[in-house]
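Taken from TrEMBL as is:
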type	residues	note
ACT_SITE	B:Thr181	active site, nucleophile
BINDING	B:Thr140, B:Lys170, B:Thr181, B:Glu265, B:Asn388, B:Ser393	substrate binding site
2 protein chains.
Amino acid sequence: MKGFAFAGIYAGIKKNGIKDLGLILCEKPATAAAVFTRNQVRAAPVILGQQMIQKGVCQAVLANSGNANCFTGEQGIEDARRTIRIVADTFGIPRDLVMVSSTGVIGAPLPMEKFETGIPQLKTQIHTGTLADFAAAILTTDLSTKIVEMTADMDTDQGRRTITMKGVAKGSGMIRPDMATMLAYVITDAHISVSDLKQALTSACDKTFNRITVDGDTSTNDTLLCLAGGTSNAHITDDASRAVFQDLLEKVCLDLATQIVRDGEGATKLVQITVKGAATKQDAFKAAEAIAHSNLVKTAVYGEDPNWGRITAAAGRSGARVDPDRMDLFFDTVALVLQGKWQGKKAEKQAAEIMKASEISMTLDLNLGDHTDQFLFCDFSENYVKINADYRS
Amino acid sequence: MKGFAFAGIYAGIKKNGIKDLGLILCEKPATAAAVFTRNQVRAAPVILGQQMIQKGVCQAVLANSGNANCFTGEQGIEDARRTIRIVADTFGIPRDLVMVSSTGVIGAPLPMEKFETGIPQLKTQIHTGTLADFAAAILTTDLSTKIVEMTADMDTDQGRRTITMKGVAKGSGMIRPDMATMLAYVITDAHISVSDLKQALTSACDKTFNRITVDGDTSTNDTLLCLAGGTSNAHITDDASRAVFQDLLEKVCLDLATQIVRDGEGATKLVQITVKGAATKQDAFKAAEAIAHSNLVKTAVYGEDPNWGRITAAAGRSGARVDPDRMDLFFDTVALVLQGKWQGKKAEKQAAEIMKASEISMTLDLNLGDHTDQFLFCDFSENYVKINADYRS
């Protein structure tokens, strides 16, 4: 895709020799929109990012792993500003077009000397680096890089046009939907207005990143940024092209969100819970969220146990209106509970078979209305505990 | 304590030969109050208990472990009614003075034949059985019985009087405060009106059982019952005696609640989090609850890591108003964060030392007001996952 360049190197911020500093550089200033964490404890780069994104334009994104630059007070803000200056000076672009992101340990000061030597190194790589280099540089406890590329065609007055969109994300712990979850960047060659981009991104985020959970904790550094370079001749100007763009953006975000959950800390299984038949939209959300967050449900999934008691009990405590005697529960297409009644040993055995897969879909029908919502979550293994008991040591 | 008799036997409801059926029998009908789960998925014995407790009088409590009689539909209600009839007939007391409780696996039908043979066995033991027998019979994944006994003196017009109060509880998983958590029974020889007892119990429950968490899931069977036999000459009739009774009841409930958290599934440490300086009462509750429920905080505690970033981040996402730059955080009396600033390596080392203890107290001062709240929680170990991945197998 024309108009974007990438780099990702080891700058020495992490201790393990694995890439920890990355850059996305746009040839020309790109139209930009972003969504950030709603946690009131916000990292310094998030605070600065929220200000800089107001103008709707961005040319460079510097992201580091190994240090979240969060809860670092005035010094953290100063440090983030200094990294912005170094990027701007090194690449010859205006300071107010640089966004920075950080992810890693909370509370430690940013090791500025690593940025001073690292950013010039990024420059030497910027003509040969790939999105995969950048994707690797932003990982923390992630086991794999998370990249997606999709295209969509649209008909315009000038003929058929193709939009390309690439996405990259990191995240595997401290994952709970309350805005964009974790670091995620989407770049596209589409030509789109700031207001259209903002609206499309907020909507896509709500349907994808805000519907996933690994462990129920909301990060202090969550950022989802979309850069539209406008290098293609695909101009988003009418409702039809907006719909194509929105659809493509949602697919890209959903793909990244799914990759995050699949790579959840200690996760062995990916689960989609659909709650349907809820009396209200909010009820569908609440019930799905409670099930997706339940440690008892998540450990049962890990144990490959179709423990419908825990699933229905989680819905029961969610605050959503439920009637136990009207609930249906399906594992894939197997009905284990119908109208509140357990469907017997044969159904249980079939459901247990389904639980052995690495991807599982569950549907809880409350049979009280027409509203539906979905969550993606992962199971909960001993490894999650190990990873998080030892994280700082 | 006069007026109460106990029994606890193995009736064959569990598979492992460990006690599973217990009875508390009052010599005369006792004044009674109870608090139940707020989960909308409620076990059959809870549904019946909520009806029978309306009269404020109870003479016998039958409790079984190994089967929760929950999500068992109309059959579950029928079964619970039949156990009530068997108790009433066996012990010669009115049916409407019998309460039943069940705890264990959700969704399986109650094995009625075990109750038909078990309840007569309880009768043979009722003159020799102890509260410890009953306490043992209600355990599920608990590692230890939970019993407390306390007394309080009060001055009355008739002279100095002593109230005795005993409590017994079970619970170690599916523990999240949203009403009385788990099965807990308090018996006393005090003489008290139903309305005074109700009020005292609701208030005590809110301050104790509703301020603990093991895993954030609310049970479908939670029950807290208090029986006042009136066999002592301590009559609760004025504000002074009400205060003595309330204080004693709170202490007993807090002791039981603490025992439940200490025996939390897989738990190795007991933590008290105090949030002070909150702008509102609700803010103090929200911040304390979010910290107590955070899997990341709980795994850090397991790893003996004073991970203040996770604690402050949990407060930040709790919905409570917080200002990161004003937060103080103490581990016992060691200040690790003051006005949002990390207090350096020496303080970190002292805090890490404190984390090695089996009981830890943390205080987060938001410095935004005068409101305070507290939660008790336990850490999160690989064993929690093991226990809950294998529970039904």
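A Cβ is built for glycine as well, from the same backbone N, Cα and C atoms used for every other residue.
Bear in mind that TrEMBL entries carry predicted annotations, made automatically and left uncurated.
TrEMBL feature annotations superimposed on the structure.
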| residue | record | Cβ neighbours (10 Å) |
| --- | --- | --- |
| B:Thr140 | substrate binding site | 23 |
| B:Lys170 | substrate binding site | 27 |
| B:Glu265 | substrate binding site | 28 |
| B:Asn388 | substrate binding site | 28 |
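Among the binding-site residues B:Thr140, B:Lys170, B:Glu265, none has a Cβ sitting under 8 Å from a Cβ of chain A.
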